[in-house]
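The compositional bias 'Basic residues' annotation in Swiss-Prot covers 113-125. According to Swiss-Prot, the 3-methylthioaspartic acid annotation covers 89, on the basis of similarity to another entry. The annotation region 'Disordered' is assigned in Swiss-Prot to 9-31, 106-125.
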């Protein structure tokens, strides 16, 4: 434990809060270009083929981001909008791709939670 005199001379060091999405650089979203689109398997209790994309952002960061929803139209040079938000069962995936914006289409035939998947309101019969 420091003495009062030591605290007067040096002071306490403020703990820096580490960002959970450093590549965003305090932006809500970032634009990027897909460099690779592939599937990967989740951590232990779960089993699936999760769709992910490696994206080079406009600020130079290369990140792995998750493509939510059923089906997608992404290819290698697609331009996408990326937001923060990790996927708990995919290590290293700390970002999501925004559906229905830029080159990524919304989920087809989506009736519920449409705003999260960029789906337009269905036409009345």
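Placement of Cβ uses the backbone N, Cα and C atoms for every residue, glycine included.
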Number of other Cβ atoms within 10 Å of the Cβ of the residue listed as '3-methylthioaspartic acid' across all protein chains: 15
Structural state census, the region 'Disordered' (9-31) (DSSP three-state): 5 helix, 3 strand, 15 coil
